[in-house]
Amino acid sequence: SGHTIVAVFLGLILFFGFLNNLIVLILFCKFKTLRNPVNMLLLNISISDMLVCISGTTLSFASNIRGKWIGGDHGCRWYGFHLYAWFIAGIVSLISLAVLSYERYSTLTLCHKRSHDSRKALLAVGGSWIYSLLWTVPPLLGWSSYGVEGAGTSCSVRWSSESAESTSYIICLFIFCLVVPVLVMVYCYGRLLHAVKQVSSCCSHPAHCPEEG
C-alpha cells in the first residue's frame with residue numbers, strides 16, 4: 001500500500017540520514033583542522049538534520065507502518081514543531097546556509113577587513129536556533145497551530161486553515177524564513193560570482209586591472 005512505500009522510504013532516510021550526519025560529527029570531533037568557522041556552520045546543519053532523524057522521522061515511520069497517526073494531539077504538536085523547525089521548512093539549515101553564503105562572500109571580498117573568528121561562528125549557530133524557535137514556537141501558543149496533514153501519518157502547520165491568525169503566520173513565515181534567507185544567498189553568491197569574474201578578467205588582461213596603492 002501507499003503507507004508501506006512511504007514507510008520504506010522513511011526508513012531509508014532515517015538510517016542513512018542518521019549514519020551520514022553521525023560520520024560528519026565524528027570527523028569534526030576527531031580532526032582539529034576541520035574546526036573552523038565555515039565548518040562549524042556545516043556542522044550545525046548536520047546536527048539539525050540528525051535531530052530530525054531521531055525525533056521526527058521515527059514517529060512518522062511508525063505511523064506509516066500502522067497506517068494512521070499514532071502520536072495523539074500532543075505528539076502531533078511535538079512532531080510538527082520538531083519537523084517544521086529542522087526539516088520541512090529547514091529554518092535552522094536555511095539560516096545557516098544564508099550565513100555561510102555571507103561567510104564565503106566576505107572571506108573573498110572583505111578579507112582585509114575581517115579575521116576568522118570562532119566566536120562569531122558560534123553566535124551565528126546560536127542565532128540560527130533562536131531564530132528558528134521564534135518562528136516555530138508561536139503555533140504552540142495560538143498563532144496558527146500544528147495538525148495532522150496529508151495522508152494522516154504526519155503533522156505540520158495547518159496550511160489549509162483560513163483563519164486570520166493562520167494566514168498572517170504563514171505569510172510572515174514565508175517572508176522571513178524563506179524569502180529573506182534566499183535573497184541573502186542570492187545577493188552574496190551573486191557578488192561572489194561577480195568578484196570571481198573580475199579576478200578571471202584580471203588574469204586574462206592584466207592591463208585592465210586596477211593597481212594596488
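Just so it is clear, glycine is given a Cβ too, placed from its N, Cα and C backbone atoms.
What TrEMBL records for 20-213 is domain 'G-protein coupled receptors family 1 profile'.
Among the features that TrEMBL reports, transmembrane segment is placed at 6-29 (among others).
Residues annotated as transmembrane segment in TrEMBL: 41-61 (among others).
Annotation comment: TrEMBL describes 81-100 (among others) as transmembrane segment.
If you look at the transmembrane segment (121-141), the same-chain residues 6 or more away from its ends with a CB under 8 A from one of its CBs are 37-38, 40-41, 44, 77, 80-81, 84-86, 91-92, 95-96, 99, 103, 157, 169, 172-173, 176-177. Annotation source TrEMBL lists transmembrane segment at 121-141 (among others).
Below 8 angstroms of C-beta separation, residues 89, 91, 94-95, 97-98, 101-102, 104-105, 135, 138-139, 143-144, 157, 159 of the same chain, each at least six residues beyond the ends of the transmembrane segment (168-189), sit close to that stretch. Marked as transmembrane segment by TrEMBL: 168-189 (among others).
Cβ atoms under 8 Å from those of the transmembrane segment (41-61) belong to residues 7, 10-11, 13-14, 17-18, 21-22, 24-25, 28, 70-71, 75, 79, 82-83, 86-87, 90, 92-93, 96-97, 99-100, 103, 121, 124-125, 128, 153-154 of the same chain, restricted to positions at least 6 beyond its ends.
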